[in-house]
2 protein chains.
Amino acid sequence: MVDGTNVVRELTVDLGERSYPIYIGEGLLQETSAYLEQHGVSKKSSLMIISDDNTAPLYLDTLVSSLTNAGYTVASAVVPAGEASKSLSMFENLITKALEAGLDRKSTIIALGGGVVGDLAGYVAAAYMRGIRFVQIPTTILAHDSSVGGKVAVNHPHAKNIIGAFHQPAFVLFDLKTLQSLPLRQVQCGLAEVIKHGLIWDESFVDWCDENMDKLLALDPEALGYALYKGCSVKAAVVSVDEREGGLRAILNLGHTIGHALEAVAGYGELTHGEAIAIGMIGSALVGVKLGAPQSVYEVTKRVFGKSGLPTRLPAHFDTDAIMSAMMHDKKFTEGSIVYVVPTAIGRVEVRSDVAASLVRETVEQLKQEADWQ
Amino acid sequence: MVDGTNVVRELTVDLGERSYPIYIGEGLLQETSAYLEQHGVSKKSSLMIISDDNTAPLYLDTLVSSLTNAGYTVASAVVPAGEASKSLSMFENLITKALEAGLDRKSTIIALGGGVVGDLAGYVAAAYMRGIRFVQIPTTILAHDSSVGGKVAVNHPHAKNIIGAFHQPAFVLFDLKTLQSLPLRQVQCGLAEVIKHGLIWDESFVDWCDENMDKLLALDPEALGYALYKGCSVKAAVVSVDEREGGLRAILNLGHTIGHALEAVAGYGELTHGEAIAIGMIGSALVGVKLGAPQSVYEVTKRVFGKSGLPTRLPAHFDTDAIMSAMMHDKKFTEGSIVYVVPTAIGRVEVRSDVAASLVRETVEQLKQEADWQ
């Protein structure tokens, strides 16, 4: 699809009757109504946009105007930005708003924002009347990851993402212009998942990231569009094979076993998700080398994250016992054994269930000793 | 399957990879562990039983002993009996209990109780870690209905069953002995859904109910086993064609448009669900006759419900305006038009979207004038 001047990249997440397209291009936000029409969204049933108070001031009016001008009835709800909004009480508030707005079974919920909004709005859409249509308009690079695969959830005070569903969107609309306002730290955070998709699947894309990191950090639209397309493509390929996390999808957790534990110990605040998993992926590379992967796996991983400005070592004040304990509560433990994603080469990983906790503990300690990348 | 002395009836709810069996027989509760083993439920992951404080004193110990003796690790949670437990806060409590019990992705949640427990426990299973295995052990006749089709949900203060999912059980175990303790009003309530399954699908089964009502009310095991088997079979046939309520499944709502409105107006307490939909089905028969069905549709419907001791008229103090208003909030309204299930003969219904609100209002008024069945 071409919208006049700019090429719109399109890819399909292939999930049988739940397949859906992802559109990536500049200025797509204003064209949301056309995409809704193309996907058969009726104007007789209300829409509800869910956004956050960082994103809404920038883009909500544009979106609402575009939709109301096209004849849609639109309600909107704005939640505080940040992980704390992924709570069951916020979920309940949004269900109440959906009821008040008169949403019915043919209504659509649109997530306008990053991963928090996507997860929260997606879970509202999954649960409301046992599931209504859902559209994602991600406004962060990080959300390229969560927008593929239909995992939606809210947090429980004791565990992240423990209350959720698999609920695939009808489509995903990535407007590259909305990414221009991202602060550097958010850009880096998103790039962590982009790079992860290279590390698990595509060595040449890791090389490309390595060579084009300056352009990505400068938010060059062509480079960014390509990187999002590649990142989404890898995720889509994995998810198409394993929609409900039976097997292959586990490789997407590269860096996440340590990463989630770091986020939990840091109280979901000190480290961004991207920073946590960047450190986690350095840790995974260390584990990989210990288990026989070439030293270059570690060197390339560290170099790419270093260039992106993401942390490559664990701040010394993190308590190793607390990290190990948080890992034991992670939902990737099944029947007492730990599922750990270990790189065997750049672009290749394996899921192992025989990684000893002592080896992981040793790696966590080692991460505190890492030199900064220069 | 035969368990020594008693025949166990078995039927399959055919939903492709989500297909599951329903077992109906006497004394199955003590054999739950054998059924779990047969269905590949590992002993390495904890189970959690969710029951209510009416059911638990009668059957929880038996179930727990049977499971622990077989080597399963079992946690249990008991909620107050009644619709009020189908709340988001109870749902959250149960998620907390599941976390505390260390449930993982291979764990199983067992619902031991009636429809409330099934809906609540089912939604916990649907949401916990985005969905874990679920087993139903219904202890009411009414629950034969909710145990087929995977609809699970909790209520919102403004709307019933508005927060939910489709989550199919691994299997359903009906122990006829657990039904012997049911109070008469609960028996009648369950028979309302049994009769409904005849009315929408199977004239000969309606005739059978008409002739065998005394045995059913006396909880004769053979009659009860047959009636549950037939009721589940009709529901299973409908659900197999239309798992996610796209079309045919709407016929299961016979009597429910008025019925749900009555329950809402009565505050979910004064009338049981069965009583509300019995009145609703008399109303549907009246609507059917107004729209051209033979008078006998009304007469047979009224006679069968009358024999069962269910109400056949609406108490005069119910406010018609309030009932009509409650109907407008029901989720079966889509894009402003009302979906109404109208009988055309005994054992046959059609889903119409052209039933005028004025006709329904007239019917509600008429239900207050109905003579008692004698």
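Any Cβ shown, glycine's included, is placed from N, Cα and C.
Record features, source TrEMBL:
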- B:GLY115, B:VAL116, B:VAL117, B:GLY118, B:ASP119, B:THR139, B:THR140, B:LYS151, B:LYS160: NAD(+) binding site (BINDING)
- B:GLU193, B:HIS256, B:HIS273: Zn(2+) binding site (BINDING)
- B:78-188: domain '3-dehydroquinate synthase N-terminal' (DOMAIN)
- B:190-332: domain '3-dehydroquinate synthase C-terminal' (DOMAIN)
Next item on the list: Find the shortest Cα-Cα separation between B:ASP119 (NAD(+) binding site) and the binding-site residues B:GLU193, B:HIS256, B:HIS273, and name the residue that gives it.
Entry: B:HIS273
Check: For B:GLU193 (Zn(2+) binding site), which residues in the same chain are close in space, meaning a Cβ under 8 Å from its Cβ, but six or more apart along the sequence?
Finding: B:ILE141, B:LEU142, B:HIS144, B:ASP145, B:GLY231, B:GLY274, B:ILE277
Notebook entry, point to check: According to DSSP, does B:ASP119 (NAD(+) binding site) fall in a helix, a strand, or coil?
Noted result: helix
Check: Do you know offhand how many angstrom separate B:LYS160 (NAD(+) binding site) and B:HIS273 (Zn(2+) binding site) by C-alpha?
Finding: 12
Next item on the list: Mind computing the max CA-CA distance among B:GLY115, B:VAL116, B:VAL117, B:GLY118, B:ASP119, B:THR139, B:THR140, B:LYS151, B:LYS160, which the record assigns to NAD(+) binding, rounded to whole Å?
Entry: 22
Note to self: Need one number: mean pLDDT over the domain '3-dehydroquinate synthase C-terminal' (B:190-332).
What the structure shows: 91
Note to self: Cα-Cα, whole number of Å: B:VAL117 (NAD(+) binding site) versus B:HIS273 (Zn(2+) binding site)?
What the structure shows: 15
Check: Can you tell me how far the Cα of B:HIS256 (Zn(2+) binding site) sits from the Cα of B:THR140 (NAD(+) binding site), in Å?
Finding: 19
Next item on the list: According to DSSP, folded down to helix, strand and coil, what is B:LYS160 (NAD(+) binding site)?
Entry: strand
Checklist line | Those residues of the chain, 6+ apart, with a Cβ under 8 Å from that of B:HIS273 (Zn(2+) binding site) | finding: B:GLY115, B:LEU142, B:CYS189, B:ALA192, B:GLY259, B:GLU263
Next item on the list: Measure the Cβ-based neighbour count of B:VAL117 (NAD(+) binding site), defined as the other Cβ atoms within 10 Å of its Cβ.
Entry: 31
